[in-house]
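As given in TrEMBL:
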- 12-30: transmembrane segment (TRANSMEM)
- 39-56: transmembrane segment (TRANSMEM)
- 116-134: transmembrane segment (TRANSMEM)
- 135-425: domain 'NADH:quinone oxidoreductase/Mrp antiporter transmembrane' (DOMAIN)
- 140-159: transmembrane segment (TRANSMEM)
- 171-192: transmembrane segment (TRANSMEM)
- 212-236: transmembrane segment (TRANSMEM)
- 248-271: transmembrane segment (TRANSMEM)
- 277-299: transmembrane segment (TRANSMEM)
- 306-323: transmembrane segment (TRANSMEM)
- 366-390: transmembrane segment (TRANSMEM)
- 410-428: transmembrane segment (TRANSMEM)
- 448-469: transmembrane segment (TRANSMEM)
Amino acid sequence: MITHATPLADWVVVLPVVLCLLGGALLLMLRTVLRVQPWIAAVVLLAVLVCDAVLFERVLNAGPLSMTMGNWPPPFGISFTADVMGAGFALAAAFVALAVLLYMQMDTPESAVRDGIYPLVLLLVAGVSGAFLTGDLFNLYVWFEVMLIASFGLIVLAGHPLQLDGAVKYGILNFLATTLFLAALGLLYGTLGTLNMADIIGAARRADLTSLTAIAALFALAFGMKAAVFPVNAWLPASYHTPPAAISALMGALLTKVGVYAFLRTLVMLLPDARDVLAPAITVIAIATMILGPLSAVAETNLRRAVGFILIGGIGIVVSAVPQSQISAIFGAQVYVFHAIVTLAALYLVAGLIETATGAVDSRQMSGLFAANSVLSLLFLLLVLAVSGVPPFLGFWPKLLLLQGFIADGNWLLVFSLLLNALLTLIAGTRLWSRIFWRPGPAAGTPVLPQGIGAVVLLTGTIVVLGLWPSLLMRAGAVAAADVLDPARYISAVGLSP
């Protein structure tokens with residue numbers, strides 16, 4: 001064992017998870033005191049956001065940070081290792097969770113508070129943070145299970161038949177994905193003798209490529225199901241629209257992003273040679289996902305289901321970068337994930353506000369809302385432009401980087417697919433906007449509370465500001481991509497030799 005004490009400053013790498021778990025436990029103990037639940041949850045998430053911001057600043061300027069549990073020497077102990085990619089995604093997740101918590105003050109009934117919605121939210125954020133910050137693949141599996149338990153509980157909380165139906169589909173397919181993940185872990189451990197991410201990098205270079213390719217394919221299937229890539233994505237449009245809008249936003253923003261994060265971490269950083277063998281298959285799957293997602297959104301009339309299909313198209317965009325050799329493609333994929341975490345949360349929340357204002361979930365039953373709520377109209381339109389990648393919004397920059405990478409590799413099919421995705425997403429979004437807001441009809445005027453509008457304005461403002469001044473995000477993305485493609489700093493931070 002390592003005998004020296006861990007510096008106090010290094011504990012910041014585990015604090016986001018610890019705070020969420022302790023906060024959730026405290027809320028369970030105070031479950032009968034309903035009025036304090038949202039306040040405690042807000043304080044915990046604010047503390048997590050501060051910790052993530054400190055961690056992000058540290059790894060951006062000083063390189064990856066690692067802490068091994070129990071002071072065991074790596075690779076024997078379970079390590080938490082933060083680099084710019086993991087810390088940046090964790091920061092975005094905490095920010096979105098805090099905004100969603102603000103929105104929840106508008107439409108969370110007392111019964112949901114009594115049933116434990118706030119402890120479940122903190123448990124979900126703990127799982128997401130743990131997944132982004134862990135340096136051990138088995139520990140990543142543990143955090144996947146934590147997320148599955150929390151998200152399943154959030155879906156079924158009100159107990160409506162539609163929610164139960166969606167939860168069954170969500171639970172079964174995600175349980176299958178985690179089972180495949182566990183099987184892949186067992187095979188990888190049997191092949192390499194380690195599950196520490198930093199140790200896997202070196203061990204994989206000496207292992208049989210055929211065996212590693214088969215294991216990588218199993219990882220790709222498991223993470224593909226988690227990320228909702230075609231054709232294993234039927235669970236997402238069947239479930240994400242069933243809970244309240246705040247829960248849809250939290251799940252849509254975070255859960256699939258952990259899946260694509262695992263794609264980037266495992267196939268690009270840990271098993272790059274096996275990824276190269278699988279590249280043609282991954283490319284075909286990515287193209288199908290990025291086109292069929294928004295194409296389905298064009299035909300969909302249920303507002304939040306349409307947002308779910310737009311989300312799926314974005315997953316295809318990230319996966320399309322996985323087989324690429326250009327740093328700009330990986331750079332673009334990482335920035336896109338950050339953008340999607342914020343933008344999809346805002347889009348789900350504004351969809352919830354529209355449903356509140358109209359009293360309907362089907363866009364065919366919505367009309368004339370512009371006259372009643374022009375602010376809501378503007379927010380929805382801005383988010384449609386942002387998610388489509390129209391400049392100067394945040395979504396433009398990652399798509400530009402991806403196009404540069406695809407062109408440099410001479411992959412014109414991906415260039416065409418990415419542009420088609422943007423066009424179809426724009427068509428789907430503007431079609432919904434014109435139907436809901438611009439089409440003549442009775443002015444729907446059920447008021448929405450300022451907490452809901454405030455949460456959407458906060459997220460939309462972030463998208464606009466980062467789109468207009470993207471320098472910090474571009475710098476972080478460049479460092480993150482370099483560390484994923486050349487993980488020498490990551491390995492050294494854990495205490496191993498590159």
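Using the three backbone atoms N, Cα and C, a Cβ is placed for every residue, glycine included.
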Short question: which residues 6 or more past the ends of the transmembrane segment (116-134) have a Cβ under 8 Å from it?
13-14, 16-17, 20-21, 23-25, 27-28, 31, 37-38, 40-41, 44-45, 48, 52, 78-82, 86-87, 89-90, 93-94, 97, 100-101, 104, 108, 140, 142-147, 149-151, 153-154, 157, 250, 254-255, 258, 261-262
What same-chain residues lie close to the transmembrane segment (277-299): Cβ under 8 Å, and 6 or more beyond its ends?
209, 213, 216-217, 220, 224, 229-231, 233, 237, 267, 306-307, 309-317, 319-320, 322-323, 411, 413-414, 417-418, 420-421, 424-425, 427-429, 431
With contact taken as 3 or more Cβ pairs under 8 angstroms (pairs 6 or more apart in sequence), are the transmembrane segment (410-428) and the transmembrane segment (212-236) in contact?
no
Mind checking which residues of the chain, 6+ beyond the ends of the transmembrane segment (212-236), have their Cβ under 8 Å from one of its Cβ atoms?
144, 169-170, 172-174, 176-178, 180-181, 183-184, 187-188, 191, 204, 255-256, 258-260, 262-263, 266-267, 271, 273-275, 277-278, 282, 285-286, 288-289, 292-293, 308, 311-312, 315-316, 318-319
Chain residues outside the transmembrane segment (448-469) and at least six past its termini with a C-beta under 8 angstroms from it:
95-96, 99-100, 102-103, 105-107, 339, 342-343, 345-346, 349-350, 352-353, 356-357, 373, 375-376, 379, 382-383, 386, 391-397
Close approaches to the transmembrane segment (140-159) from elsewhere in its chain (Cβ under 8 angstroms; 6 or more beyond its ends):
111-112, 115-117, 120-121, 123-124, 126-128, 130-131, 134, 166-167, 170-171, 174-175, 178, 181-182, 185, 226, 239, 242-244, 247, 250-251, 255, 258, 262
Determine which residues of the chain contact the transmembrane segment (366-390) at the Cβ level, with the cut-off under 8 Å and only residues 6 or more beyond its ends counted.
303, 310, 314, 339, 343-344, 346-347, 350, 353-354, 357-358, 360, 396, 398-399, 422, 425-426, 429-430, 432-433, 435-445, 448, 453, 456-457, 460, 463-464, 467
